[in-house]
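Colleague: To start, I am sharing the structure in question, which I have written as structure tokens.
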Amino acid sequence: MTQNALVTQLPPDKLDADRYLYSKAHAHWTLFVLSVLMLFDYVDRQALSSLLPLVKQEWRLNDAQLGALVAAVNVAIALLALPTAIWADRWSRTKSAGIMAAVWSMATAACGVATNFAQLLAARFLIGTGEAGYTAAGNSLIAAAFPKRLRGTMIGVFQSVALFGSVLGVALGGIIGVALGWRYAFGLVAVPGLLFAVLMFFVRDYENPPLATEQMNSNRFSQWSGYLKEMFRKPVLWLVYLGSAIQFFVIATIGNWMPSFFNRVYGLPADQAGVRSALLALCSAFGVMVGGWFADRVIAGNPCRRLWLPGVFSVLTATLFVAAFLQPPGVVQQGLLVLGDFVIVALISPVITVIQELVPPAMRTTSTGAMVTCNNLFGMALGPLVLGALSDRFDLPTAMLLVSFAPILAAAAFFGAVPLYAREFGAKAAILSP
């Protein structure tokens, strides 16, 4: 261990399959603090979803403008996720995460004092600026803290908290917005993140092993830039990034526009539409956890099965959502939406685990940051904008139906990555037995 009590040398990856970096207690403390902040991250981000009808009514905005408010966060994340991930890998993952939490919380409060569309758009962009590198840093800290055999499950727990935060944010946004006004909603949800950001400075980071001594497929790299170039030459990573971005295109679209869907199609007021949407998002939270748990058990003896799962989940996602939006409003449609929301996020943990295992510890935040960049730029930023434009051109239900076909493309990317992933592990024969 170094002289800094909050930093330790990461044990070689080949030795940590059945050991904790510090101890079981410290690993769970790390997971707890990261998860609490992840919860409030998504509360702050998603509160807007149930407030869109109120903002639209007050400022007379069209759906394209509403989509821009949603997308602004993701554009900022897309632009800054990779630089902040590299910064966190080179400086401090824990301190970076604490600073980012403070920034996104203050930006959320700033949304509450916006007096026009441009100011609210700028504040939303600042939220994304704060959130940019948090997920990547959190995933790498968890991957280091827990034994390899538990990584998929624990990353699934961490990612599921984001969905619980979305549930809470959508519900609180609608309830507070109707009771006190949409500005108060932003101000109130911003407070907890500021308070809990301090805890990140009491979480232990790990010291990067020298890149010159790390190995991937027997190639050694003495310089960071050379290693970074080699990482991005891997076709399997790009296919996984592509599949993930397409799936997040749909996740962001469905999640952010569902309150408006219930408001317009079912005639529910903003608070009830928010609560109904929050209940659907709750299914997603359980879907992430089940996906991580299931992946850790399905891959036993054959790690290449990890990428079969995202492909299957993507096909199921398209099937369920297309069927849902072809139904008239009612119980059947809502039942299909529940199943779709459960399945759509089940691939998150297997995908992140694949990315974590394709690179050595010193590059995990960077590789995840690249995934976050792709997810936000081509998925979560583009999705709400595309749906807003389609909704203005047709109507909201038709727009959501058209978007629901996209996961078929994600499935093609994941299935295409399977033989490449098998080659990374020297297990080509394994792809024959999904």
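Glycine too: its Cβ is placed from the backbone N, Cα and C atoms.
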Colleague: From the ranges 212-235, 332-355, pick the one that TrEMBL records as transmembrane segment.
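Modeller: Transmembrane segment, as annotated by TrEMBL, spans 332-355.
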Colleague: Can you work out which residues elsewhere in the same chain, 6+ from the ends of the transmembrane segment (236-258), have a Cβ less than 8 Å from its Cβ atoms?
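Modeller: Residues 46, 48-49, 52, 70, 74, 166, 277, 280-281, 284, 307, 310-311, 314, 317, 321, 337, 340-341, 344-345, 347, 351, 354-355, 358, 367, 370-371, 374-384, 386-387, 391, 396, 400, 403-404, 406-407, 409-414, 416-417, 420-421, 423-424.
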Colleague: Go through the chain and flag residues at least 6 beyond the ends of the transmembrane segment (367-387) whose CB is under 8 A from any CB in it; none is fine as an answer.
Modeller: 63-64, 66-68, 70-71, 73-75, 77-79, 81-82, 84-86, 88, 128, 132-133, 135-136, 139-140, 231-232, 237, 240-242, 244-253, 256-257, 351-352, 355-356, 358-359, 399-400, 403
Colleague: For the domain 'Major facilitator superfamily (MFS) profile' (30-422), what is the mean per-residue pLDDT, to the nearest integer?
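Modeller: Mean per-residue confidence for the domain 'Major facilitator superfamily (MFS) profile' (30-422): 84 out of 100.
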